[in-house]
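Accompanying notes for the structure given below.
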Amino acid sequence: MTTLGMRGPVRIRREHAAVLVTFGLLVAMFAAGSIVYPGFGSGQVVVDLFIDNGFLLVIAIGMTFVILTGGIDLSVGAVAALSAMLCAFLLEQWHWPVAAVLPLVLLVGIGFGFGMGYVIHHFEIQPFIATLAGMFLARGLCFVISIDQISITNPFFTEWAQTRIPLGEETNLTPTVLIGLAVLAGAFWTLHYTRFGRAVYAIGGSAQSALLMGLPVARTRIGAYMVSGLCSSLGGLLFAFYTISASGLHEVGTELDAIAAVVIGGTLLTGGSGYVVGTALGVMLLGTIQTMLRFQGTLSSWWTRIAIGVLLLLFILLQRLLGSSRTRR
Amino acid sequence: MKAVTGHRLFWPAAVLVVMLLANLVVTPGFFSIQVRNGHLYGSLIDILLLGSPLMLVALGMTVVIATGGIDLSVGAVVAISGALACYLISGQEDQGAVSGVLVAVALALVLSAVLGFWNGLFVARVGIQPIIATLILMVAGRGVAQLITSGKNINVNSPPYKLIGGGYWLTLPFAVIVVAVVVALTGLAVRRTALGMLLEAIGGNAEASRLVGIRSRRLIVLAYTFCGVCAGIAGLMISSNISTADGNNAGLWMELDAILAVVIGGTALTGGRFTLAGTVLGALVIQTLSTTIYTTGVPPQVTLVFKAVVVAIVCLIQSPAFRAKVFRRRARPAAPPPASPAAADVEVNA
């Protein structure tokens, strides 16, 4: 197997290769879009990718932590919706100050993550089932708060939603983009330059070995779910900024998009291998597909789902190929 | 007492009975079954009828989970199967023709089997983790269903098709009969032949079972194909019951409910030993829960909260780690700590 030039002077590691392929495909798709559709290749389209998918980026980053430990978190979309709902309710119905609401909502997200992580680690319930219960609970609580959509009229929110940070002549950023990028940088730093991050990789490689090495397995695993809860919560708030409303029906299926982005980004679902930068590229790739379909105009929305499915298929087969070439070496 | 409470079906059955009794307290006529127009009517029959698709899907899921796998795509297959059948029937000149309906049903089931086969190939031949292999179809499948229906809801007006999910036969709902037949046949196939044991062997250790001569790859593909067909039948039932194919919402989150039903029934997600009866009980528990919520007048969306609570309780009770940690501590002053999990059971249930 010399398909990847592994025998050449520059050796490409498997994990790097997957991220590079994602990056290459993203560039290729964007180039193709720019050639086919006029107006596609502008800076604003790139920025819009971040604006439209900022919440997904943040959620998928949290998901990356959990998947790196070898788990999975199905509750992310529901926790995000619950966070937005709780925020809207406290602001609009109870008229709490923003400074109190935002930290509280983030704490609720962390609390959800802690609860699920605790049950998964200490009671040995499979992550799939535990986070499924968390998903049902969070989604149900949204409807306990309110069956209907809540519009947010809080001046802080509406101002933030309209704030544009000029970047060059015709390109504008929103604050949410900066938050997304900050989360990305923070996650990268945490995973690669802290003990917690190294322990996350170690547990995903082999929880047994990590335990024998004296790593704090319980703390790290629960911590990963708490990070995911925090990211989901923050993602929900970003989505609330984006739509200036909250509803129990928001972000249904986000967990699938997040998992897809993580897998396309080159992270192994078995854990222990992958990069948060890859996840960001995966989110951008999903966003590019949607943007292309929007520019195309005649293709219906369900083609997005089929395209994501095909992409998943390609990347999973690719990972399989790369994986087997590694074991054969 | 130990023999009863120690039985693997005890907890799911107990939960079901408790929920039914709770219903009886709230609605005094809950258990009454009447005969009207030669059909059986009553809340219990409703639970069976509405729970039929879930029982079928969960049945297929049990077989897949027994091999140590999981099938996330069943909800999508439900949508595709219903969409194809309704699309074919709506295109016919005489929608009421039995032959046309049979062709549509057969084609829909063949497609479901092919989709299950596709999942099986990925898991057994390509060697991809089941959860990812079936994730592909879960994501893409709903798009395919909408492709078939062109994004619209297809309405059909076909009495023979209506029979599958909403009709009656021999005073019983036809769907319930179908489920009973499929469950019985599956039960015979896995318990009266070596098939069930082989599936459990694969779930226990796929590599070891291959080495002792079990054709594990072929059986895994078979399990996924069976699961696809079960989901296909369920899709026919759902679309037939409402005479509409809804590519967007038919079978939405059904994979989660089915996995829940399997877990509540006592089959471990790790594969190996499985119980079909437990799965049927699990599916009925979930359906009873939904029906209960509807009759009590709580907004249906809030069902999810109760579902979460039931899942948490059932899973925690069945978790040996939970029982050991919580109950042993409490029992310690009275008796010395139990040495084995079996002993812990006695204390819990005493």
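Even glycines carry a Cβ here, placed using N, Cα and C.
Bear in mind that the values here come from a model prediction, so they are computed numbers and not experimental data.
The transmembrane segment feature in TrEMBL is assigned to A:16-37 (among others).
According to TrEMBL, the feature transmembrane segment maps to A:49-67 (among others). Cβ atoms under 8 Å from those of the transmembrane segment (A:49-67) belong to residues 73, 76-77, 80, 127, 173-174, 176-177, 179-181, 183-184, 187, 191, 200, 204, 224-225, 227-232, 234-236, 238-239, 242, 251, 254-255, 257-259, 261-262, 265, 267-269, 271, 274, 276, 279-280, 282-284, 286-288, 290-291 of the same chain, restricted to positions at least 6 beyond its ends.
Summarising the annotation, TrEMBL assigns transmembrane segment to A:97-120 (among others). Under 8 Å from some Cβ of the transmembrane segment (A:97-120) lie the Cβ atoms of residues 71, 73, 75, 79, 82-83, 86-87, 90-91, 126-127, 130-131, 133-134, 138, 154, 156-157, 221-234, 236-237, all in the same chain and six or more residues away from its ends.
The transmembrane segment annotation in TrEMBL covers A:132-152 (among others).
Remote same-chain partners of the transmembrane segment (A:224-244), defined as residues 6 or more beyond its termini with a Cβ less than 8 Å from a stretch Cβ, comprise 51-52, 54-56, 58-59, 61-63, 65-66, 68-69, 71, 73, 75-77, 79-84, 87-88, 102, 105-106, 108-114, 116-117, 120, 131, 151-152, 157-158, 160-161, 174-176, 179-180, 183, 187, 190, 200, 250-251, 254. The transmembrane segment annotation in TrEMBL covers A:224-244 (among others).
Summarising the annotation, TrEMBL assigns transmembrane segment to A:256-282 (among others).
Using a Cβ-Cβ cut-off under 8 Å and counting only residues 6 or more beyond its ends in the same chain, the transmembrane segment (A:302-322) has close neighbours at 3-4, 14, 17-18, 21-22, 257, 260, 263-264, 266, 268, 285-286, 289-290, 293. Taken from TrEMBL, the feature transmembrane segment covers A:302-322 (among others).
Residues 4, 46, 264-266, 274-275, 277-278, 281-282, 284-285, 288-289, 291-292, 295-296, 315, 318-319, 322 of the same chain lie 6+ residues outside the transmembrane segment (A:16-37) yet bring a C-beta within less than 8 angstroms of a C-beta in it.
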